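Record features, source TrEMBL:
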type: TRANSMEM; residues: A:15-34; note: transmembrane segment
type: TRANSMEM; residues: A:46-71; note: transmembrane segment
type: TRANSMEM; residues: A:78-96; note: transmembrane segment
type: TRANSMEM; residues: A:102-124; note: transmembrane segment
type: TRANSMEM; residues: A:136-154; note: transmembrane segment
type: TRANSMEM; residues: A:174-195; note: transmembrane segment
type: TRANSMEM; residues: A:227-244; note: transmembrane segment
type: TRANSMEM; residues: A:256-275; note: transmembrane segment
type: TRANSMEM; residues: A:282-304; note: transmembrane segment
Amino acid sequence: MTTTSRLRALTRHHLFWPVAVLIGLLLVNVPFTPDFFSVKMTDGHLYGSLVSIVLFGSPLILVAVGMTLVIATGGIDLSVGAVVAITGALTCSYISDQADQSALSAVFLAMGIGLVAAVVCGLWNGFLVARMGIQPIIATLIIMVAGRGVAQLITDGQIITINSEPYKLIGGGYWLTLPFSIFVVAVVVAATMLLTRRTALGLLVESVGGNAEASRLVGIRSARIKIMVYVFCALCAGIAGLMISSNTSAADGNNAGLWIELDAILAVVIGGTALTGGRFSIGGTVLGALVIQTLTTTIYTIGVPTQTNLVFKAAVVIAVCLLQSPKFREKVFGRKTRRKVTVPAQPVAPVEPAPKTEVSR
Amino acid sequence: MAEPRPVLQMTGVVKEFPGVRALSGVDFRLFPGEIHALIGENGAGKSTLIKVLTGVHSLDGGTITLDGESVEFTSPLQAQQAGISTVYQEVNLCPNLSVAENIFIGREPTRGGRIQWKRMRKEAAELVDRLGLDIDVAAPLSSYPLAVQQLVAIVRSVGTGDRETPGSGAGQAPGSGTATKVLVLDEPTSSLDRDEVLELFRLMRQLRDDGVAILFVSHFLDQIYEICDRMTVLRNGTLVGEHLVRDLDQVGLIELMIGKALDQLEELHEHQLHSDVGETLVKAEGLGRSGKISPFDLEIKKGEVLGLAGLLGSGRTELARLLFGADHPDTGKVTIGGKQVSMSAPNDAIGAGVAFCSENRRTEGLVPDLTVRENIILALQAARGWTRPIPASQRDELVAKYIKALDIRPANPEARVGQLSGGNQQKVLLARWLITSPQLLILDEPTRGIDIGAKTEIQRLVVSLSEDGMSVLYIAAELEEVLRLSHTIGVLRDRKLVARLANGPEITTSRILETIASGEHQ
Ligand SMILES: Nc1ncnc2c1ncn2[C@@H]1O[C@H](COP(=O)(O)OP(=O)(O)O)[C@@H](O)[C@H]1O
Ligand SMILES: [Mg+2]
């Protein structure tokens, strides 16, 4: 293999562009924040821009990982933001009702209640999509809209604040010098990879998303798989909801997880999973989520005026998507991949013995 | 006869895909006013040659000249504007749009930026009419069978250049005004019935006499000898010869295509049906679905090959789908191996040992984005459920075994199935079901659109599977094929099973045709 062909193989790897963009974005920060890459140890905790990117990006990674599986089946889940809000609201309102808000048993029970609510939302989405045959975008729109109302009912339209040390750990605490949420994310991502690639779930999901009718005729119970995937996605959103409310020690039915569904969908797409379903990549999604979070951080560090930061974000997202499009790359960078082959080499398959009939030209 | 200058000349064309050299230095020329067949087994590179010509794929080497000028198209639109109209092998239309919209997509007649719907429908109707077809252009494309959709694709492609420029100015569609110089048809006939084929041929002759050069790909040798003037034969991405059709007989052609003598093919003609048929395996009583197929009774014995004969649309596929639970029957019951099976979904049938290869490989069979390996294990994995993945070593062994046994090319389990040629895709589907060791294998048009070599291999496989005790329900448009393989032949007509003939010396294709025509068992 020559160097150029090795380079080409590298650029063709499905994670090449997400990684390249992430590195590029990180480098942009250096002129503005010279110690961007440095990580300091203070009071036994690691601090630094990189650590905060992962910390603040944790909820998005979780939601995006769940979203990846839904998108791989050819669906979409718009309700994740509302599920974040509902979970946070239920958990915090339960904790705030306790005399001792730091009692471990109460905190666990509160989290359980929140996550069960998330699972119920997922079951509802899955039921509408898989059993009722409603288009995913419409089916999940119901909870997206109604769910915020439910969250506000739970919190009585107020922002509930709590004061619970153990609960604070999930989204705001440290463990082994690192933010605890990084461990939560690592566990969820690893579990998802195991769940999809060590079992046949990943294959079946890709098959359902790649060709639904063929999957039915091959005997895959698509409905069951779709329901599972929506439940899993809602569960991920629920954990993200715990993390967000824990980080702020408050539940805000109105704003918690607002627009996170859009960032999550973007992260999935940047990570190389097509919205049409089929092949998916969890690793790509994690990178995609980090790209989005880095972008948000970058917008603050380089001091883009707040009024224009959404425009700036949109511009970068467009650039990333264009870079990932082979057509675009071909147009802009020219058809570098073309080679002139003059000497016809041997065909790959062995040629059969010469035919009896004379070959005339 | 002095040969005129070719309208199209391709020299030393090379095209490589990762791991496959699809074309290695192919020369090809096409003269005005001729119908030129491009022939070769599946995977020989026919479709690739066409796609390189029309700018779908870029060229890795070689040159193309059109009317003496060197050209290289980077998009099908460019090729079209230069006068090359193409109907690709895979029909690429929008089923939920109307026929008229499909014909005019991308070149709708407009005035002031708005589409003139009325005019579009009127012109579409005229075009369809002029070509002698009876199609309602306002109906959605999906309301027509695949065969008609194929004709619409052809109408669409000849409709472009050939259309008289209507007036001038604003309403002009892109591409109109350039007459079609070259018309490329990649296997347009594989899903057409005889009348539709004749219709197409009439159209092709008309265009040829107008001086259009037509490149025609077909697997039906009879069709080639009926309509073509010249042919170019490819094998494994290389050119093996260019001949006038009248200079080369069918036997010679087949030998050129497969690169070996015919003895091997003939072996099958002489094969004897094994007589080792066991007791009843599958029994359907009063099974039916309204609008699809009238209630029928059917028995299939262990080790028996039951062939279904009938015209396109006579209900062969519908019958098979009911036996698999692909469609929900409204009446009747099915017993398999003595047990009644509910047949409300494919799972029920699969659980009882039934396997089904659909006639629509691309839409109902393969998952094109997945690899050969993944496609092969899909049915077995679905039966085991997601919690019990097939262990990697066992899986790789199974896959390797079937890739070898069925000679799937390229023999690479990591290849994306969507990139395989038709015959190899069919083999992947067969492998998928064979590893589930079914009791009844339903094959709907397993040899359609694939070359002679692969066709023979698949038929031979059917024979040996039935010898090993597997029951097979075999559907094919070619009566000879059904006759050659089947112990019993079920005849369908107008969505009804009208006769069951035990195969024997007195059963001939004309006898079957009579039964189809008269609708009764004599
Ligand atoms: N897009 C593609 N990517 C990779 N390989 C391809 C692609 N298209 C075709 N091939 C390979 O090129 C060879 C020729 O295929 P094709 O031109 O479709 O054959 P034919 O039309 O003669 O049946 C086959 O081995 C096929 O697998
Ligand atoms: Mg082809």
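Note that Cβ sites are derived from N, Cα and C of the backbone, with glycine treated the same way.
Remote same-chain residues near the transmembrane segment (A:282-304) are listed as 14-15, 18-19, 21-22, 25-26, 28-29, 32-33, 36, 49, 52-54, 56-57, 60-61, 64-65, 67-68, 189, 192-193, 196, 263-264, 266-273, 312-313, 316-317, 320 (criterion: CB distance under 8 Å, separation of at least six residues from the stretch ends).
A contact between the transmembrane segment (A:102-124) and the transmembrane segment (A:227-244) is present, since 3 or more of their C-beta pairs, 6 or more residues apart, lie under 8 Å. At the 8 Å Cβ cutoff, the transmembrane segment (A:15-34) and the transmembrane segment (A:78-96) share fewer than 3 close pairs (sequence separation 6 or more) and do not count as touching. Packing against the transmembrane segment (A:227-244) from elsewhere in the chain are residues 58-60, 62-63, 65-67, 69-70, 72-73, 75, 77, 79-81, 83-88, 91, 111, 114-115, 117-119, 121-123, 125-127, 129-131, 170-171, 181, 184, 188, 192, 201, 205, 256-257, 260: each is 6 or more residues past its ends and has a CB under 8 Å from a CB in it. Against the transmembrane segment (A:256-275), the recorded stretches A:46-71, A:78-96, A:174-195 differ in Cβ pairs under 8 Å, and the greatest number is found for A:46-71.
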